[in-house]
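What follows is a set of notes on a single structure, which appears directly below.
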Amino acid sequence: MTAPAISVTGLTKRFGARTVVDGVTLSVAKGEIMGFLGPNGSGKTTTIRMMCGLLEPDGGEGRVLGHDIRHERRAIKRKVGYMTQRFSFYEDLTIAENLNFVAGLYGMKPARKAVRDTLADLGLTARRDQLAGSLSGGWKQRLALAACIMHKPDLLMLDEPTAGVDPKARREFWDEIHALADGGLTVLVSTHYMDEAERCHRIAYISFGHLIAQGKVPQVVRDAGLTTMIITGPKTAEAARLLKGALGVDQVAPFGATLHVVGTDAELLKKTVEKVARDTGNAAADSETSLEDVFIQLMGESEDTPT
Amino acid sequence: MSRFFSFTRLAALLVKESIQMRRDRVTFAMMIGVPLLQLMLFGFAINTDPKGLPAALVAPTQDRFTRAMISALELTGYYRFVAPDASAPLAEEMIARGDVAFVVTVPSDFGRRIERGDRARILIEADATDPSVASGAISTLSTVAASALRREAGLDATAPPGNGIDITVHRRYNPEGITQYNIVPGLLGVILQLTMVMMTAMALIRETERGTMENLLSMPATPLEIMLGKVVPYFAVGAVQVAVVLVSAKLVFDVPFVGAVHVVLAGIFVFVLALVILGYLISTVSRTQMQAMQLTFFFFLPSLLLSGFMFPYRGMPPWAQVLGEIFPLTHFLRLIRSVMLKGADATTVAGSFSALTLFAIGLALLALLRFRRTLD
Ligand SMILES: Nc1ncnc2c1ncn2[C@@H]1O[C@H](COP(=O)(O)OP(=O)(O)OP(=O)(O)O)[C@@H](O)[C@H]1O
Ligand SMILES: [Mg+2]
């Protein structure tokens, strides 16, 4: 195996007295697509910024593409494509002008051709002279993504690249990401979408600055040790009311006409759910635990962690 | 409570505003400190009836007549002979450079002629580029000098002037005392300064405020590149301004243009460079556009008043003159007035030229040092 594309240990960042990222240790192999998940404000953006040299870590160290994240920032910047969470291209420049700017900064030759190809890939050739600020939110995302892939980086760090993007464009985006990863590109992508997490080779879950779970999706689900049951029938709403806060029940979530009930103690859960189902005239059955169930569980557990 | 006005709402707004103000330390300090500082500064520094103006004396034979005249002139308080024994070429250079405002030339046969009772003549040259320097001092000059000399020669001090002694006053460079001659080249400096510094000061802040800084920093651009990328376009704008002001100086005010054009242009070049870099430096130390704006004005007003643009530089107290040296505008005004109006050559203004160059380099280094490479 070759050296990992990202390898950081004990990465820590403080803003004032608050520790926003606390001892994050993460390793991403070359050609791997790593999903980066966690609730709002958990420190995803901050971690990514430290890894691409935009923030000075207060603790820890690491290498990105073989370069030290503290001392070799310039080398990292040349080889990494970073897509910011918030649109940060120039709204008062046209699409083509923005792409030209990026091509110029990376010293791409011939820049004109790269820009032309990118515009064609995006299907934006006809709108090349439109101001970037006048694009819709989803199109801004697509422009930003195209711009950070343009210089053929070895590593992509994408901070919620598909927020506000329609399903078809999202599917195209993920197809493209997988195609690029097959070609050896490494991708670290933060997201709040479960379906996207499931398309990653591996995922890492961060909460209140602590990395609390990582691995392949089935493994993360298995490690969580949760049991899930579903209740179907005419009176799921009443069952939900009874189950909320009941013994052994951690989560109750309606999915259409069915009710997902999740708990850590399999025995206890089964007993409670079956009793409630009987009492309300519904049917109970075993089910698969989903990644979403795991995340909701993780979020709930770490809520007590003081910040 | 009224629908159109409520004290509760007003109070909420006031509280919010004062909290914001308190949080923005720099703005707060500036709002309180700057007016106070400037009031103190200008209250003491500005003097429209300048005293103690530097003068040079060219007198090959330093006899009692010369000494009597010098002490009489110094007694008026208007003159200070900084070069009491200058040679003619040195005096000429000093007045061209602006080191002295007056040159008093006493011919070598002056004493002998007076003692013999012949007509004697002295020449007093005043730098009239800035008419306000010249006027007050010149008006006392002839009478004081004449009466002192006559007293020394034993003539009747109350006798009408011209009786034996001729005093010729030359208003150099601007014989008619036209204010525009002095103002217009200076105005070039001031206009350049205001717009250049202000515009460049916004440059980097806009990136930060619009969030584009994160993207810019994540791409491989060095601090120097970023600086030049900001500074050079504004430099070009400055060039256009220079052309406009110079052409209008010629066409509208008919300001004489005696010096070499290339020296003027070279001077403007370094000056504008220093200005845009200063603006960029402001941009690196401010966090918001408001702060940048205030820093610009904090710098602008004193430079306007202490550089010799509004008030005669040599008329200010020594400490204010020292303070004036820290503004590029001061050196630029010296340079451009010398060259445009007095026809000074490159070597005469070399001092101002190197000062401006030093400013540009020093400010650039400071800006590079201050530039934040991360988002911290
Ligand atoms: N420059 C800063 N100064 C102070 N606090 C900051 C700064 N940047 C981020 N934070 C804080 O750090 C914490 C983590 O922020 P971060 O943006 O990394 O979260 P995130 O996981 O990306 O969240 P989201 O999913 O909402 O994008 C937040 O509580 C935020 O308030
Ligand atoms: Mg974020």
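Keep in mind that glycine also has a Cβ here, set from the backbone N, Cα and C atoms.
Automatic, uncurated: that is what TrEMBL annotation is.
Listed in TrEMBL:
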type	residues	note
DOMAIN	B:131-374	domain 'ABC transmembrane type-2'
TRANSMEM	B:26-46	transmembrane segment
TRANSMEM	B:183-205	transmembrane segment
TRANSMEM	B:226-247	transmembrane segment
TRANSMEM	B:259-283	transmembrane segment
TRANSMEM	B:295-313	transmembrane segment
TRANSMEM	B:348-369	transmembrane segment
Go through the chain and flag residues at least 6 beyond the ends of the transmembrane segment (B:183-205) whose CB is under 8 A from any CB in it; none is fine as an answer.
213, 226, 230-231, 234, 237-238, 241-242, 245-246, 249, 253, 255, 268, 271-272, 275-280, 282-284, 286-289, 291-293, 295-296, 299-300, 303-304, 307-309, 328-329, 332-333, 336-337, 340-341
Which residues, given as numbers and ranges, are at least 6 beyond the ends of the transmembrane segment (B:226-247) yet have a Cβ under 8 Å from it?
184, 187-188, 191-192, 195-196, 199-200, 203-204, 216, 264-265, 268, 272-273, 275-277, 279-280, 283, 364, 367-368, 371
Which residues, given as numbers and ranges, are at least 6 beyond the ends of the transmembrane segment (B:348-369) yet have a Cβ under 8 Å from it?
93, 96-97, 223-224, 227, 263, 266-267, 270-271, 273-274, 277-278, 280-281, 284, 325, 328, 331-332, 334-335, 338-339
